[in-house]
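So the structure is just underneath, and the comments pick up after that.
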Amino acid sequence: MFGKKKKKIEISGPSNFEHRVHTGFDPQEQKFTGLPQQWHSLLADTANRPKPMVDPSCITPIQLAPMKTIVRGNKSCKETSINGLLEDFDNISVTRSNSLRKESPPTPDQGAASRIQGHSEENGFITFSQYSSESDTTADYTTEKYRDRSLYGDDLDLYYKSSHAAKQNGHAMKMKHGDAYYPEMKSLKTDLAGFPVDYHTHLDSLRKSSEYGDLRWDYQRASSSSPLDYSFQLTPSRTAGTSRCSKESLAYSESDWGPSLDDYDRRPKSSYLHQTSPQPAMRQRSKSGSGLQEPMMPFGASAFKTHPQGHSYNSYTYPRLSEPTMCIPKVDYDRAQMVFSPPLSGSDTYPRGPTKLPQSQSKAGYSSGSHQYPSGYHKASLYHHPSLQTSSQYISTASYLSSLSISSSTYPPPSWGSSSDQQPSRVSHEQFRAALQLVVSPGDPREYLDNFIKIGEGSTGIVCIATEKHTGKQVAVKKMDLRKQQRRELLFNEVVIMRDYHHDNVVDMYNSYLVGDELWVVMEFLEGGALTDIVTHTRMNEEQIATVCLSVLKALSYLHNQGVIHRDIKSDSILLTSDGRIKLSDFGFCAQVSKEVPKRKSLVGTPYWMAPEVISRLPYGTEVDIWSLGIMVIEMIDGEPPYFNEPPLQAMRRIRDSLPPRVKDLHKVSSMLRGFLDLMLVREPSQRATAQELLGHPFLKLAGPPSCIVPLMRQYRHH
């Protein structure tokens, strides 16, 4: 009471203060202005961008890790608590699917240990999350759903027997059978069911029931004329909660393995493994690229009951996976048995090329020649690059991986197609890392790079910008954790395709490294962002459209001449420099064709941009990129691709069965541009123009210099 009054502490103001960033909010446009670079992809108005998807030829089997429980505040770890959390994710913005310009919110855990598998449907795609791993960070998960058509039926409409009526917006909806455009395609079923779990992963998880107390899966060949007929019996195990599933006895014929498009029709937040077993929904982005050669085996299948929701694209996360393993390599990506060229000479900042192998390793790489491949298995074959020659000093990735998976006595060779229950041979994390080390360069990029700033998060890892110490130049660094990849082998796409193909209109990759258990890809940083920003916020005139098309066609002509199919051409995959130059990116989805493997069948791409033959599961080649470019032209004209207001399944059905799409306002488009579009959007692939032919079209004479794109970037940033 009589004590001295304490002196008030004075805090000085900041010294050397600089106001570098001013962030505001425009009430008229309802948008933030002046955001820092790393905030753009979090708050950008790109929540409606669809995500790409892939054909699940064979999801890499993975080693199980203990499943995690979730504790959120005072909530108990019940199944309902996980499903309740999903309501919160609907309000989180999801950015476009471009892997170099993407952010996504952190992923939640997967739920209680009593669950076997969770799957959700996001943007019409049912995705599965089977296991938890040691880390809480995001991981890539390829929602691959289809197998080679010769194995599982002649069309996409035989995946399941119809068992559930479709619901849309809370009302039951019956769809009429439509006549398919292709004679090979039958009418679509009216009922909707979920996608099957991958055969190998599903069986592997259920056979390990002794560890987790879930289900015991007794399976044997059914007595049937078809070699692909199986009889499955679910029997109860220790977990009482799953005993209700024991009543189900599932017998699948060859037609049951045929994929169905109906699984894409809805976007519910969660779906169920069985009619009585709710599962947590995990949102993840699917990734293209069909990976290594898989065994000729069907997928396991179970009908899934789903709850339809609205059509808005919601946030998604990635499942945490423990160490995945992989099958014998195939020629679906890179060039099967690629010949690695020595480092390029010149003044490149980053030396390119792999390290030379020791003599013993070089010989080991070709030790798999005596292995007997199963029937129908495509043995890796060399794609003859005009500028590359075979050298015994450099070993091929596919050959090396094959030797790893076959020579080890721990992993006996597979006997797929026989009556045995033997699993595909596996490659450990250490073996895979050793194989990847042959492709990347030695050293640590942190020795010459600093100031790493995260600017995005893609389907396989995060993207940072970094500064070169000795020049001050900014580069993009894509960091991918090997242990958190659902399909580790797809990482070779990112490294080898970008390393071997250099063009003025292709994003340049400087180098790649293994830093611990992460693959770091150092590449060109394009300050202008993605074409998606321009398409969604501004309107392009025909000069600007022609300028973009000219650059993209030059890149495609170069890639197609090398036998590379991009398979995901869209505005998200087109990046711009600050001065308006246009470059093609995202090569994780590509495939290689050659004389030995002239066509592809995998369902790969983003639904609205897919060519009809891809959706129809017909063999396809480089022509699919031309169709996708035509859709991207419509995107530049109308601001979005055709059928963008429809769910992916309905859009895919219309692409497959209807006449080619057209722009909304034809009267606003010149006859020259209409003619240009008509050459690309041709249903018959053989009648579709090639990239080289399109480069001579009169419309491209309207193309201006790269500087004509700069005002669009300024206009977008002003918004």
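For all residues, glycine too, the Cβ spot is worked out from N, Cα and C.
Predicted, not measured: the structure shown is a model, and the values here were computed from it.
Residue with Swiss-Prot feature phosphoserine, selected from Ser104, Ser226: Ser104.
Residue-level annotations in Swiss-Prot identify, among Thr107, Thr235, Thr107 as phosphothreonine. For Val463 (ATP binding site), the Cβ neighbour count at a 10 Å cut-off comes to 25, with all displayed protein chains included. A separation of roughly 22 Å, to the nearest angstrom, links the Cα atoms of Ile455 (ATP binding site) and Asp568 (active site, proton acceptor).
Taking the Cα atom of each, Asp568 (active site, proton acceptor) and Glu457 (ATP binding site) are about 18 angstrom apart. In the shown protein chains, 27 other C-beta atoms lie within 10 A of the C-beta of Gly461 (ATP binding site).
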